[in-house]
Amino acid sequence: MVEHSASTPYVSVMDQYGYQVGKVIGHGSYGTVYEAYFAKQKTMVAIKIISKKKASEDYLTKFLPREIQVMKTLRHKYVISFYQAIETTSRHYIIMELAPCGDVLEWIQKSGACSEALAGKWFSQLSLGIAYLHGKGIVHRDLKLENLLLDKRENIKISDFGFSKMVSTQTQPPPTPSYRMMSCFSHLSQTYCGSFAYACPEILLGLPYNPFLSDIWSMGVILYTLVVAHLPFDDTNLKKLLRETQKEVSFPSHLQINEEIKELVHRILRPASKRLNILEVLKVPWVLKFLAEKPTTEIKALEAICGPRAADTSKNATTPSTTKSRSLTFTPDKKKAASRTRSTGQIKGTKTQEKPI
């Protein structure tokens, strides 16, 4: 049985719906997450409680409705499950699956770098979850260690869809590699949200960006951090961060890291025009090695959108292209850059931008 204080104002509301609110277990972009007991089903759940007084108007009218809309459509074993949304005059309540073993950031802070086996398990699960989202035309836009929760078997559960969005996808992919920055998804986003440490160069430069490929960049940062136990880039200074993200990331020489992992990270943390998409990530041998089952469903969904790009790429690789490849050596917007500088620890939690910049 979960204990709670009768003086807490939202307790009576939750009691009406059969939820007994317990301890605080986390904080989202605008809400506090509590553990709770659902008496009708005799099960533990997580409840995200958002105060209308504390949240911004932009969040309440734009991002929160999106979050609920997106979560209602999701059913995947590596994505946190949505159960119910309740609104009162003063608060929003989102009831979700409980992940009782904390998050990956907490795990690394306590235990250090992962073994290759554990990194492979978690990254392959993350890849399947993101493949599922991208196959549905959904982008997360705030992937980071804190948003990867762990269930009782320490399997990944992707969470916090506060900045997620449903976008349209292109039914036929661009035929030439010069358009590869767009991948098979035509949407460009101009809402700059997420955490600097996990943000791709396009976002840091304030450019319209492909949100599907920005998710992939964040996955590369996550994989690096799993095996090294610190972030690949110093995000305490924006100019330095921009310089670092436009160079090939290096690994500490004293760590023995599998060359396949290094190669995968390098194929992800690169300019968008050369970056892997999620379909290509799923076909990397190192990722396939750690999958508990073949990603048949996810790959079919992605191929229905993308088509057989591998054949197109190999065919065009033998034909000289007259189109110049796109570069990411841009001059940053000084006003935007000045507004984004902040300080973080080496492997501390990262602060998500709470509204578009």
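Note that Cβ sites are derived from N, Cα and C of the backbone, with glycine treated the same way.
Summarising the annotation, TrEMBL assigns domain 'Protein kinase' to 19-287.
According to TrEMBL, the ATP binding site annotation covers Lys48.
Residues or ranges marked as region 'Disordered' in TrEMBL: 311-357.
According to TrEMBL, the feature compositional bias 'Polar residues' maps to 313-330 (among others).
According to TrEMBL, the feature compositional bias 'Polar residues' maps to 340-350 (among others).
Model confidence over the domain 'Protein kinase' (19-287) is summarised by a mean pLDDT of 91. Taken residue by residue with DSSP, Lys48 (ATP binding site) is part of a strand. The Cβ neighbour count for Lys48 (ATP binding site), using a 10 Å radius and every protein chain shown, is 23.
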